[in-house]
Amino acid sequence: MEKIVQNTDHDALTCKLSAISTRYIPCPLVHKDYFNYNDIYLSYYQTLKTLLSRRDQGSINRALRNSYPVMNYGTYLRTVSIDSLLNSYLDERVSNEYIQVVNLGCGSDLRFVHLLNNFKNIKYIDVDFKDALELKGKVLRTNLKFKQALKLDTEIMDKTENGSQLIHTENYVMMEGDLKDTSDIITKLSRYTDTNAKTVFITECALCYLPDIAAQRLIDKIIDTFDSGYWISYDPIGGNQEKDKDRFGKIMQDNLKSSRDLELPTLLKYFSEDLYSSRFTQHTNSSKKITVNIKNLWEFYLQSINDNEKKRLQKLQFLDEIEELKIMQSHYIILNAQW
Amino acid sequence: MMEPDQCLQYLYKGQLLPEATIKALCFKLKEMLVKESNVVYIQSPVTVVGDIHGQFHDLLEIFEIGGRVPDTNYLFLGDYVDRGLYSIETILLLIVLKLRYPNRVHLIRGNHESRQITQSYGFYTECLNKYGSSSKVWQYITDLFDYLILCCVIDDRLFCVHGGLSPNVQTIDQIKIIDRFREIPHDGAIADLVWSDPEEHNLMANPSNREELYQETSQHFQISPRGAGYTFGRSVVEKFLEINGMDRIYRAHQLCNDGYQIYFDGLVTTVWSAPNYCYRCGNKASILELYSADEYYFNVFVEAPENRLLNDQVMNSVANRNTISEYFSDYQLSITNGKDNTNDTSYDYKEFYKNGGNDVDELETDLMKMSLSTNSDIFSDSFQAQSARNRKVEYFL
């Protein structure tokens, strides 16, 4: 199951590269200070290819050739929704106060490159399975651009991790772990972060692969452990099968199970925005006040993307059917929770 | 050259035809269609079918629930290809049915019956995959698309088109004089007819205030969010119907969750016939059964159970199989006594397909060899998963 979940990073990366090559991202508004966005991802991809098996190379190449507009729109919305929340939060901080950003289930995500470049006094922690981070570390170490960007010559070498590719500098840490093993994650996080400092947690299609109890435990424990936090989560929701006769979730579950044995244990349980929010508002064992905002990505598209930007997107590729985009994006949510 | 009936035998089973046959069929149909007007007049009873988009199983399902050709007359509103995985099987079947029963089947052109769109939405890729990079199948079929009619009138009262109305067209006579034998242009009458949409009501409007609702839609055509064609409101429709002596408009083009969608108190109706669109939208589909201009029924259906016939690549090379059970019984026999001999590359395929005969060599594919060599139990989960993997339904993961 682990390998199967890890493989979803291939999908995410491919989708991102596809959206970049068709110019959906970078977004001129949200990413206006993200210099060399294309360069960074393409550079990562070039190096990664040299380390992948032929088969994996082939599947990424194939996917890049067939980039459907509806998928590119979705990847754009996914990226922009998370980045805009992140930017807003960081922009609001008072006089460069120290903030930590923890990306749970980060995969090959590279937003840390821009964040570390654009914001001072930030520490970024990438969390994922060991294998995933080893590969990522290898790519970053092999590629000169990243080496320089991350200032790898100033790396803090952990003696027990000799031979490993995991990176550990003053403000960027690769923390290996299994999100299902909550106590291990919390222990390690406590070692690498200051639990009293403001911390951002990002789960981008990460909670959806965890069993219900494990996901809830993770949410609860993190909120308990960290004094002041801001959680950004992007996930699919199944839709209301009973009330709206919405079969999207059930079909998605069946398709993923039969085509790649991938399971989404909570897709049909927290099937609406309200139910998904409740995982944060009703967490147990805490007297902390939590404010939660949630919307689905179709709402995000309607409300948060201005007309000019919508026009720009329209010109990129011919999106034949808006109905399909609406159906898909209505089943993905972007949540932010603050305590 | 195969006779239409012979072709139908293969096509109903979801088997592909040789390229030479496709070339000949397209040529023959162009010969027939060149004589048809842009606007064809037909009589009820007729069953109107909306977008199919390569969902071949569901086309067969339509014939199951709506009745087979020629027992039932059919009017197809376009969008036969793209998005689904069996565009070729779908369009070939419709081509042969039109050739065989020209007065029972009518095919209107949709916006996907175009060279440009099919290059981005799957049909071109499918042709490459199924016929190879040096084949001209995509070319033959997209050339044929230029000949498809633009609209239909049923019982002199019901106007049928793929998309909708055009600011360049006030009368149906104006449609008749268009030169349609070309690729769909970016703008102009043809583009509008296949791309336009009825204007949706403002979702924030108060539904109990009829006056407000009526005024919600524009007096004139508006630029369409699709980037081609226009949107048109109620008054535009009323004007068109009045000038041309029509009662209603039937069209397709837009995904409907319930299989059909009624606008403007029935003046415009969308018929959508691709259930569970792209294998993930979970929508219903419908066909509109018109008994007369005033008696009709929306026959709503959901996706057909995936027919193993098509997912099993092995079957594609069987020429004369009549029933699945026949096939299975022979197949079981060939898996000899628990010994897996399917890795034996000298395996005699001709022996395997008792009735297959000459066509086996021609139609044998790498996929067939692969499926025989990797998994001998076609009922197993892994075999089914293998087929499902071919579907590659995409999500954000």
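Placement of Cβ uses the backbone N, Cα and C atoms for every residue, glycine included.
Annotation comment: TrEMBL describes A:Arg78, A:Gly105, A:Asp178, A:Leu179, A:Glu204 as S-adenosyl-L-methionine binding site.
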Against chain B, in sequence order - binding-site residues A:Arg78, A:Gly105, A:Asp178, A:Leu179, A:Glu204 with Cβ under 8 Å: A:Arg78
Residue with minimal Cβ packing [other Cβ atoms within 10 Å] among the binding-site residues A:Asp178, A:Glu204: A:Asp178
Diameter of the S-adenosyl-L-methionine binding set by C-alpha atoms, the set being A:Arg78, A:Gly105, A:Asp178, A:Leu179, A:Glu204, in angstrom: 24
Collapsed DSSP category at A:Glu204 (S-adenosyl-L-methionine binding site): strand
In the chain carrying A:Arg78 (S-adenosyl-L-methionine binding site), residues 6 or more apart in sequence that have Cβ under 8 angstroms from it: A:Glu204, A:Tyr234, A:Leu297, A:Tyr332
